[in-house]
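What follows is a set of notes on a single structure, which appears directly below.
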Amino acid sequence: MGVIVGDARILSEIIEKPVPLSAEQRTAVMSASRYVRIIAGAGTGKTETLTRRIVYLVLHEEVAPRNIVAFTFTDKAALSMRSRVYDRLRRLKSEKECARLGEAYIGTIHGFCLRLLEERFQFGDHEVLDENQEFAFLMRNGWSMGLGKGARYDRACLTFLRSVNVVNDELLDRGELKRLAPEFNRRLARYEEMLERHRYLTFGGMISRAIASLCENPDAARYIEHLLVDEYQDINRAQESLIKLLATAAAIFAVGDPRQSIYQWRGSDEACFDDFTRHFEDVHTVPISENRRSVRSIVALSNSFADTFEKRRYKHLVPARAGMGHTFIVEFETPLQEAEWVAGEIHKLVSGGVCHYGDCAILLRSVSTSAQPFIDALRKRRMPYVVGGKVGLFQRDEAQAVGRLLSWLSDDGFWVADPWTWSNRVEGDGLLETGMTLWTRGTGREASRRKLLLWKNGALSGEFRNLTEVYQGLLEALDFRDLDFSERGHAAAAANLGAMSNMLTDFEMPIRLGGRKPRWNSLVKNLCWYLNTYATGAYEQMPADRFGGLDAVAVMTVHQAKGLEWPLVFVPAMTRSRFPSRNTGRKQDWQVPRAMFAVERYEGAIDDERRLFYVALTRSRDVLCVSRFRRINNPCGESPFIKDVGAALVRLAPDEGLPSVMIGSRREDEVRTFQASEILTYLRCPHLYRMRHVWEYRPALATQMGYGRSLHHCLRHASELVRGGMMAPDAITAAVEERFYLPFAGSKELETARAKAELVLRRFAEEHAEEMGRIEEVEARLEFPVKRATIVGKVDVIIGGDDFREVRDYKTTDEVATFNNVSFQVRLYASGLGLVGKPVNRATVAYLNESRLEEVTLSPQHLREAVAEAERCIEGILEHQFDRAPGKHCSSCDYARICRRDQTT
């Protein structure tokens, strides 16, 4: 469908469908200014505003999607925005633009920096460490950096990492740091050298690397014509610097709300939002004040509370909904009575058909201090629930069970049930007894003492080669494979045990780097300490959508609830010491001199807590209920925030229930995105897909892990050298020498593997030198729409010629994936390239070890069948159809030990 710039009909449809934009939203979407700042209050439709702006740019202004970048704060927000853009384009019958939307980047700032570094600055051989993996890496290496002196080691590591993040997030001057903090600067240099040696990037380091790379080569990002930034009030100074670099060529469309700036403790600086008008000229500022989310009483309440902020006043939001809704306050004697009442009210409403469990949220200042009574009350009524927050995983019985049983492996093993009372620890056989009890409570299945004793003996006698095998052996002893995954409770347990698999791999990974082989007694002892000092307060429960569409009550922190909404929200535990947090403004330990950064921003102030409570108030659409308790052992004063809002709340007695309420349940289907390799896994075995991609069970760490990926990266680098004029065989030698890397191989194993890689790749290059000279793109990213989803992937190489295009997929052997399976994947790529205007004439699979090519038939019928098969797989995934598919592949499956092959689910 051709679109004429300024087409009035297209513009009208963009503005009016699927629902009309407000006058303020229209002004924002259609702004012709290069720099636009949107002040979008809670519930005013900022995601929809950003969505329509992208559609407006693509359809009305005819901006190519590849020239659009949109930053979101979370991956979930990116999924929502991308889904909406696809939906709006499809509604407007713009199939061509819909097919090309995958060329736009819609995702987090960290994701963008990673893509930039990989594709334009030679970082394709690096892995990214998340927060937990980075801590495990430091725990393994911190002793050599001198972090074990004096303070408790785990706390010293946490303080060091917080200080490193300050350096990255604030872009502190390294020369000044060396002068004022020489010891920390030395440790930081050593730490960064270790990360680089093992080819790791961290979240904070990724952004500073991207900034440094762009300063050296600004042209790498000049393709960006329009940059949209969501949640601008939550960016930090490093992210602001990145945006300013991109703004040298791009127009900036920033959306934020300073009232909801709640992440100062990890570097966010709300002043960046105000500074936008200082950094850029002729900024068009547009306030959006019409709240479309919440009923009138909730909007009035949140407006009134925002007036209590000490530093500034904000324009009131205007309710768009007609209904008054409900806002309540209830006071109880004890936390137990409060939790029982909340759980009872939710149960009553769900039983009466008023709402679903998933329509209800319990939002807390801290899950670790306040969640347990609510979890107990929900569990007692057998109500489904999901716990958010960093302690969420170990609030589940099944996770606690395996944590205790793993700690039982150590002679000095222990488990701290309450982090506030370390002296009250479970030790020795108590770990076995309580572990068995918790397993039964979590799964409803009895645990066998005999099997667990056999497992422990096997683990300590060297039966298992790594922690993944130890863990799968434990699950085998617990009869994991006999769980009924069609039953939601068992599915939830299995998903959370997948999160435990992640935790164990995070712990073991740095220990195995460079081919190191740990002593088992030391390994299990250190694992016990890692579990008790870090993991129990850091790992999150699997989200509800991993349980098979579980309809569950959300129990989470207010920080985690940012950007979310529910019809019914409870905000309990509103006592003086819990909300605001008693730690607000408390002086913290830093290894960076306090004078070098705005330390007060990180340590918090009362206005930060007020903004957090404001976020809690604005999560509800229909019903808001605030509550508190009067005592635990001693009297507990009420939160000062209750005094600020109490007069606007309807007071209920603790023996009263909620009056009859009207709740509008709303559920939207989102367009999901799948990797082509994921679909291939589902085609092979749906249950394997669930274990690997839904529940995220990790494979065992092995010496050769990463071999295929490293070959691909060497081929990419060699192709770039060939395009620069080097002969193909020589390019291979140079690329392998410089880029080949196996993280878990020792020096001898690495050299052997490198020699093999050079031999295999040189032979292939010598036989196909002419084709290497015609390579147009290497690891070309591709995204294209299919029914209910989009498919993304990387085409290994695209070979060009006169009116000719060939796609080629590299494989080492045909043992892991059959030729038919690889042909399916290649046909998907060919189909997707055709949709985005790059028709493919030929497709081949290159088997590197044998230096042979196999041609893939690309008839229109084959391409249609491949897309239809992919859509069938996606339908199965979305409908949670994960039957086992026994076959020859079972013997080499990563999860064979814990899979019951004859069982369907």
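Each Cβ is built from the backbone N, Cα and C atoms, and glycine gets one as well.
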Annotated stretch (coiled coil, per TrEMBL) among the listed ranges 117-151, 747-781, 782-816: 747-781
Sparsest-packed among the binding-site residues, when each Cβ's other Cβ atoms within 10 Å are tallied, from Thr44, Thr47: Thr47
Other CB atoms, at most 10 A from the CB of Ala42 (ATP binding site): 24
DSSP three-state assignment (helix, strand or coil) for Ala40 (ATP binding site): strand
Candidate with the highest Cβ count within 10 Å, taken from the binding-site residues Gly41, Gly43: Gly41
Other C-beta atoms that fall within 10 angstroms of the C-beta of Lys46 (ATP binding site): 22
Neighbour-count leader, CB within 10 A, binding-site residues: Ala40, Gly45: Ala40
Segment-level pLDDT (mean, integer) for the domain 'UvrD-like helicase ATP-binding' (19-295): 93
